[in-house]
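Novice: Just passing along the structure, written as structure tokens.
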């Protein structure tokens, strides 16, 4: 568990945090440049010192301004991966990985190297590596110090699109197989969608929202970052069954289910899906014959006029689903809070 209750002056703003983060999964730190994202993780790592408050990791006090406690970075057991890999140029990859390696991680070296796909790189110098390869080595080096927490400061920011696509699957594997909580600084919605369990949104040094990805994603706080034509819903689902005759997989959403193209996932596997509001249409009665495989019973929570369109907030199995319809359709269907209807979903994408 990471307890953050501190403040630190940042130019004309003051970074003020009072949140408790669980000791698992990935928490994305999101916001525009200058919001305080990097300043937050620098304070946690010990690179900077808050003027007030406390930072406590798993019961260990890292910083207590009132008591004059401020552990040095090397005593905090916090790993840090920077935007630029910062590898030692005169050490081969193997030497970089072993630099600062904890004794408890010696037996984990081969496993971690395999997990990050860097075994072919062990005898190469950093100067011969691509940007994505360097970042994988940097992540491996940080993990081999046996940290209780891993901080990643926009690790994909300096990479071009092909290198980002190369590194993203390795980060996804880490989230599944390495039981170390991570704080992931980013201003990329795509990275957050694929990696984060939780999101903390910062603005001018203040926390505007903090919670599960699907909750924050559907809140008004995210509206400035979401293009209107890309309004969408993020939902947690589990694998229910694989169709015996067709290459389709059913995903449980409350007491209903969605069909998607067949997934190579075991039953009960937890997944996250994204549904674009523009891919959801509404009907008052379930259609008798339709090519659309996914028709869910839903209740209208509210509706909002938006530049000639209507955003309809629906509840499905205790979760929020958004639909975008025209004012004409809203009036013809008499859309109002509490109305039960059916949502036809034309497309579903798997995010994690």
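The backbone N, Cα and C atoms fix where each Cβ goes, glycine too.
From Swiss-Prot, here are the annotated features:
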DOMAIN    1-229  domain 'ABC transporter'
BINDING   31, 32, 33, 34, 35, 36, 37, 38  ATP binding site
DOMAIN    289-352  domain 'Mop'
Novice: At a 10 Å cut-off from the C-beta of residue 37 (ATP binding site), count the other C-beta atoms across all protein chains.
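Specialist: Taking every protein chain into account, the count is 25.
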Novice: Where does residue 38 (ATP binding site) sit in the DSSP three-state scheme?
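Specialist: Its secondary structure by DSSP: helix.
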Novice: For a quick check of understanding: among the binding-site residues 32, 35, which residue's Cβ has the most other Cβ atoms within 10 Å?
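Specialist: Of 32, 35, the one with the most crowded Cβ is 35.
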Novice: I'd like to know the mean pLDDT over the domain 'ABC transporter' (1-229).
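Specialist: Mean pLDDT for the domain 'ABC transporter' (1-229): 88.
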Novice: Give the residue counts of the domain 'Mop' (289-352) per reduced DSSP state, in the order helix, strand, coil.
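Specialist: Reading the DSSP string over the domain 'Mop' (289-352) gives 7 helix, 36 strand, 21 coil.
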Novice: Starting from the ATP site formed by 31, 32, 33, 34, 35, 36, 37, 38, give every other residue of that chain whose CB sits within 8 Å of the mean position of their CB atoms, in sequence order.
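Specialist: Other same-chain residues near the ATP site: 39, 187, 202.
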Novice: Compile a sequence-ordered list of residues in the same chain as residue 36 (ATP binding site), six or more apart from it, whose Cβ lies below 8 A from its Cβ; state 'none' when nothing qualifies.
Specialist: 10, 13, 15, 202, 204, 205
Novice: What's the most sparsely packed of the binding-site residues 33, 38, counting other C-beta atoms within 10 A?
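Specialist: Comparing Cβ neighbours within 10 Å for the binding-site residues 33, 38, 33 has the fewest.
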Novice: My understanding is the cutoff is Cβ-Cβ under 8 Å with a sequence separation of 6 or more in the same chain; which residues meet that for residue 34 (ATP binding site)?
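Specialist: Those within reach of residue 34 (ATP binding site), by Cβ under 8 Å and sequence separation of 6 or more, are 204.
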Novice: For a quick check of packing: other C-beta atoms within 10 Å of the C-beta of residue 31 (ATP binding site), how many?
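Specialist: 22, counting other Cβ atoms within 10 Å of residue 31 (ATP binding site).
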